[in-house]
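If you check TrEMBL, you get these features:
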REPEAT    88-121  repeat 'TPR'
REPEAT    122-155  repeat 'TPR'
REPEAT    156-189  repeat 'TPR'
REPEAT    198-231  repeat 'TPR'
REPEAT    232-265  repeat 'TPR'
REPEAT    385-418  repeat 'TPR'
DOMAIN    656-841  domain 'Glycosyltransferase 61 catalytic'
């Protein structure tokens, strides 16, 4: 809540002691009569010879406020406080005036002066808290409101403001508690205005909806409506709480009443659209969505959410022309983001599926800008079909056939004569054992091919060669499907999996009771999205209790208990064991599954992993539900390796983060295992890692004493069988770095700093503050990086590109850094080498918030902040541009970054003409 001080309220602020009034009866009489023009004339006359000029200027400030001249009032008050600093009421008045002019830092200074002179002035403290809130200094606002309530627990507005702060940072339980207290105090006081009481009930209802207490929220909204019965927004919010209770008929009536009160209500139209969509009345839903969009444009309101809902509904109905219009509005809302995306996609290579998708999407977005909408329509349909087809191919490559089917069906809706899509969709259905559907589709595709050939002229015969290839593929698919449908046979290949052991120790001890049949293995729980599951990641984020410190900026709690997420590493040797390690396909489809088998063909679940895997603390995942059981094709025959073969490969082990935290720590577990047997790493004949191409891989393995000739790349030999398969376990939970891994890396790579030559001392000083650029990365770029670097340079930051540095250089860089700013990415792996108290600012896309590096900061006592940026807002279009949040580009909000930099560098930038330290930490 941000309250405003009116001119009348400001003018009522008592004037500081003015002895001149008693000595000048005419001036005193003019003040009593509120003849402010006369007051100003008299003040001008008596000012040259008057004693106590500070008081005269204060009176002139009050008069100028009454006359509506804020600038003159500020000038007068400032002259007064320059003559006599100890004037709390003048400082308060200046705080109000500067706040009204959006000069927040000056307002903060004067409110603080007023409180320094009159510490228990709750009203001044409350307005100071409001200014802190406005500029995004949420922690300071929080402390200010708490100080008020410590002195005066009955200050209802402070409770209301604290509730808004809690709600802003997502703590709706505490928000509701504060709102309830505000309501109680307002009711008790009785003299509070109707509008203020209604607002308190409205805020309470909003918080209760968020904590899933819709019945209580409904009661709060009804109380608010008793006070403000003609408030359309309150009716709309009441409708939301009723919808949460499945009271749809009453919600409909409430929404309709909101539109009677305000026919232009964006929110009422939007939520009515959602209601009709729930009832599958899509035409009505789209009508309300479109009215909401029109009103949002007219009223210059944010329309991202309603555009997303409208676009999703239009897409489901296949109303492509209207969908494209919706997309046009979305890109017009964020033109700079669209320009940056299109410019980047033009430069992408075409051979990679993800890059191909984004190239097509870039052309699609440029097509939306065509002036001739009718001429563009056919081109847009073709490009959208190509995107859906590409998304289907991506899903197949990621072993997500169900998702692939949905994309291919959408592509076929747009291009019903595209034989290639028939072929891919039928393949997908048959691979899922949906034989009848696959057969029907293959037959439909063959009929479509025959019709196309019949209509082909002699001049077009040369264009049918591609169609012939697809026809042959469809025929082969059809024959295979009919054979499976007739006989019920499926190809299992060799080495058929007999079952699963949850624990390797159970197999070593031959515990038959621990065996799990393959019949008991079910697909992964659909309730959890694995490592990208928002619910599970939300649970991990809450463990760090992030506190919002400024606009879009949060600080992780340095004290965190994680005992319940402990992980016990181990190692085992499996004679004649097998390892399947999925090879990397391209930059985004890296190793997605690792399966370890016993010689009698049981999967060892605690040594095997596969995406989507799970995050620590997940309640839905079962380790036996491995993706190897859902494979459409049998594994290739294993390649035999003699002697002792150690498996070190990890999921996504090609990436710097996973290499350092998943692959290398397995070597330490292996070393300890061998040491217990009186052996060392030299006793291992081969070390299997994902690949061995990058310089950091060669550098780190060499530092650990692993000869290059003993390294085997699982990308080249994905299925291995060994005389002795030596298996160090994973070091910890996936995407949750254990302290033991951090200690191991620091022991191994963090050596005492070499003496810095005198000539290079200045260079090293500059590198105390670094910005890690992702300009060379394949995805997740900051689109406004030049502006970010320019702002950071004002705070003495130096941009670095880590890909150009050796591991040793990166280690030294981070070990000497005092502040690190970086977008989320593998470069932050090097936080493991930072010194305690180093400050970290991690920049995120709003749709890809991760805790991967927070555990490192907590363990090493780093000050970890994160900043949430802006991405493209229209969800259906963004999901075409970026099939995963992992790849999403974003922009940094410059004002938010500037505020956070001032906070962490102790540079709040107070106004130079009125020096006063501002306590921001």
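The backbone N, Cα and C atoms fix where each Cβ goes, glycine too.
Sequence-distant contacts of the repeat 'TPR' (122-155) (same chain, six or more residues past either end, CB-CB distance under 8 Å): 2-3, 5, 88, 92, 95-96, 99, 104-105, 107-108, 111-112, 114-115, 161-162, 164-165, 168-169, 185, 188-189, 547-553, 555, 895-896, 899, 903, 919-920.
With a cut-off of 8 Å between Cβ atoms, the residues of this chain six or more beyond the repeat 'TPR' (156-189) that come close are 1, 3, 122, 126, 129-130, 133, 138, 141-142, 145-146, 148-149, 196-197, 199-201, 203-204, 206-208, 210-211, 213, 546-548, 554. For the repeat 'TPR' (198-231), the list of distant contacts is 1, 156, 160, 163-164, 167, 172-173, 175-176, 179-180, 182-183, 186, 237-238, 240-242, 244-245, 261: same-chain residues at least six beyond its ends, Cβ to Cβ under 8 Å. When DSSP labels each residue, the repeat 'TPR' (122-155) comes out as 28 helix, 0 strand, 6 coil, counted as helix, strand and coil in that order.
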